[in-house]
Every structure is written in C-alpha cells, then in structure tokens.
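Step one of this worksheet: look at the structure below.
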Amino acid sequence: MPSLFAQSLAIIATLQATLGLATPVSAPDTVIGKHAGGYVNAVYFTNWGIYGRNYQPADLPASQISHVLYSFLNLSNNGTVYSGDSWADIDKHYPNDSWNDVGTNVYGCVKQLYLLKKANRNMKTMLSIGGWTWSTNFPAAASTAATRSNFAKSAVTIMKDWGFDGIDVDWEYPADDVQATNMVLLLQAIREELDAYAAKFAQGYHFQLSIAAPAGPANYNKLHLGDLGKVLDYINLMAYDFSGSWSNSSAHNANLYAIRANLNAPFNTDHAVNDYIKGGVPASKIVLALPIYGNSFQKTNGIGKPFSGAGDGSWENGIWDYKVHSKAGADGIYDDGDKGYYSYDPSVKELISIDTPDITKDKVTYLKSKGLGGSMFWEASSDRSGSQSLIGTSSNKLGGPDSTENLLNYPDSKYDNMRKQMA
C-alpha cells in the first residue's frame, strides 16, 4: 500500500503490461450476492497522519465505515510483527487521557480507535502489516513454517492486546511462484491462529483476514488467486496508480474501463476484476479500492498526451489530496466512457486525474452489478467532509456499511484498560 508516491515511483516495473479493451456493464444498480451484513466500506488510517496532516482517529466518519485498516505495522525477516511507531500507536496521550492511571495501559491511536468501536458497533478495526516500504522482509518471513508461525502468533498477539478485529496483510508483491505459494501458507497460518484465539477467548466471533492486492497483471498473474479466495475474507483490489510520473503520457489514475484507445490507458479496473474472478476469487470477496487523491501531469496538451514532470503536491510531488486538489482556472472533465475524471488548466498545461463523488457513485454502481464485496479507500486524511466526501458518497450509495458487529471483550490483553473495555 502506498506512502503513496514515494512508493509508487518504485512501481515502474509493474506498469509495463497493457490491458485489453473492456465493454462497460449496464448502469442500473443490479445487486448480485450481497453480503448478509451489507457491503464493506473500508478506509486506511495512517498512523503518520497524526503528525503533519493532523488527522486523528476521532476525525474518522466512523458511522459510515465498516472497517478501519490501521497502517502500518512492520515485520522482521524472522516473521516477528511489531509497531513501527509506538508513540503514535500506543503512547500518545490525547486530551482526555490521564497521566495518573494505575497499571499497564494503552493510549495513542489504539485507545482512540477502541473508543470509536464502542461508540460505533459496526466499525471494525484491522491491523495492516507491511505496505510498500515495509514489504522487504515478507519473502523471508513467509519462507518457513517457523517464520510463518512467528508472524501469525506475533500478529495475533498485537491484535488482541490492541483490541482489533482482524489482520490485513499488505505484501507488495510476491515476485515468483515460490513467494506466491508461501504467501498462501502464511495466510493459512494466520487464519489458524485467529481461529485458535477465537475458540479460547472469543467463542462465536470471526476475526477477519484480508490483503491488499495489485490491479496490474504483471503482479496478480503471479498470485494463486483461487487459494487466496479460499483463505481470505476480503481481497482489497488496489484499483489506482494506473498512471503517474513514471508514465510516458498523461492518463487516468483509476479508470473503470479503457474503451478509448487514444487515451493510452495502461490499465483499467474492469479487466483486473474479471481476471480475479476468472482466477477463482469469489466476486463477493473482492473489495474495490478507490483513491482519495489525484496524480498530476505538467506541460501536457491533455489526457493521453506526453507530459514533462509531475509538479507539486499536497505532501509529495505529483500527488494532490482530494480535499485540496481544486485549482483556479482548471476545467473539470468527466470521461463518461472510461469512467474517469480529471481537471485541466490550458494556461499552464497541468492535468490532475482524480476521483469525484460522481465517479465514486459510478464505481459503486459497478461493484454492485458485479456482485463485489464493497469499497475501500486510500486514505482517510485526504477526504472532504459533508456531501463531497468520497467515503460518505460510497456509504450512501451502498445503503450504509456492513452491519456486522465488532468485538469489545479482550480478556487476554496485556493492557489493564483494554481488559476493562476502557471503563
């Protein structure tokens, strides 16, 4: 999963394959195989977002969210999973936190997320492990039964200590068949450890297991899709970063289709979704991951044209948060064929490909028509509020998020206040 562009620049090698053309599905909201609890409406929350971005757990639109994917935890090559920022995760004292509590207690984002869970019983929290920057040790961590067991046990230990509802693995990406096989074995080990913990301390509760998955065929063709579909609850298909500063021409960041050949679109969401389903992943387990940011192109004559440079960004060059992307003098252009949107300023020749509420509605209509599991967003701090919120737009179009309840009772947590449910 991104940091996003410092990481995305390294994806150049994955952006070589060209997808075939796709025919759009019909527009009506045809619902196929809807989950009993409703649709997923998940979002990544980054622990580094509490710093410069000043985006705190309490800022999450919790009532509109089914899953918060808390990113990221790190891992060692022996499989041990650990906090990459303990101050943000468990130490930071928020305004209502006491400095005089007795015992061993957890604070930071972990406590704040638990309090959100108590107030919003349909919001589940997932520990997200890895990400683009911290995927280096996955091959070693997944390579033996011992390291896989170490990963599973250490991940589940943190999960129960922190009061979370599941684990999300973000391995970017298995490089060959051996690693793809080991990925499945790692996930199976995690599933077994989750079930063993539930049997002992949370009988009847199902801890969830998901992964972040690539939308580029050069990466997903290496995966054992059918096996992943069996062991996982959800596959969050990262249908974004289809183009960027590494590209040869400006293009959509996250288009649904690629029916206009002149746009030089290297990827499209529909092609990836169909390939995952053909590969054996149940459609209901595919969650469509959407961007809350835009990629920019400088000195270009329009979409599908050459460009020179990525320009500035909100936090990294070439990436604009959705909430601040609007530029004076730029025209907004909705591509009804490929289902993409971009702004273009002819005076400075700047193009920014970004999703909007209308595009989000199109994508929710699409995922419903395909029988997919729901939506996921990267990442929370980039969104707007109110009617312009992409997370909120998705939630409303889905009919509200998945209503299955979270877990509040963690009797085996090492933290006194977690065992007491923050009473």
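Heads up, the Cβ atoms here are built off N, Cα and C, so glycines get one too.
Features as listed in Swiss-Prot:
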ACT_SITE  E172  active site, proton donor
BINDING   G103, T104, G130, G131, W132, T133, Y173, M238, A239, Y240, D241, W378  chitin binding site
COMPBIAS  383-407  compositional bias 'Polar residues'
COMPBIAS  413-423  compositional bias 'Basic and acidic residues'
DOMAIN    39-401  domain 'GH18'
CARBOHYD  N74  N-linked glycosylation site
CARBOHYD  N78  N-linked glycosylation site
CARBOHYD  N96  N-linked glycosylation site
CARBOHYD  N248  N-linked glycosylation site
REGION    380-423  region 'Disordered'
SIGNAL    1-22  signal peptide
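Each of the glycosylation sites N78, N96, N248 was scored by the other Cβ atoms within 10 Å of its Cβ; the lowest score goes to N96.
The full span of the recorded chitin binding residues, G103, T104, G130, G131, W132, T133, Y173, M238, A239, Y240, D241, W378, taken as their largest Cα to Cα distance, is 46 Å.
Counting residues per DSSP class in helix, strand and coil order gives 12 helix, 1 strand, 12 coil for the compositional bias 'Polar residues' (383-407).
On a Cα basis, N78 (N-linked glycosylation site) lies 31 Å away from A239 (chitin binding site). Comparing CA positions across the glycosylation sites N74, N78, N96, the one lying closest to G130 (chitin binding site) turns out to be N74. Cα separation, G103 (chitin binding site) to N96 (N-linked glycosylation site), rounded: 17 Å. Taking the binding-site residues G103, G130 in turn, the residue surrounded by the fewest other Cβ atoms inside 10 Å of its Cβ turns out to be G103.
Across the compositional bias 'Basic and acidic residues' (413-423), DSSP assigns 4 helix, 0 strand, 7 coil. Counting every protein chain shown, the number of other Cβ atoms lying within 10 Å of the Cβ of Y173 (chitin binding site) is 22. Of the candidate glycosylation sites, N74, N78, N96, N248, the one lying closest to Y173 (chitin binding site) when CA atoms are compared is N74. Taking the Cα of N96 (N-linked glycosylation site) as the reference point, the closest of the recorded positions W132, E172, D241 is W132. Listed recorded positions near the residue listed as 'active site, proton donor': W132 (candidates N74, N78, W132; Cα-Cα distance within 10 Å).
Its Cβ placed at the centre, D241 (chitin binding site) has 26 other Cβ atoms within 10 Å.
Counting only residues at least six positions away in the same chain, the Cβ atoms of V81, Y82, S83, G84, I129, G130, W134 sit under 8 Å from the Cβ of N74 (N-linked glycosylation site).
Between the CA atoms of N248 (N-linked glycosylation site) and N78 (N-linked glycosylation site) there is a gap of 40 Å, rounded to the nearest whole number.
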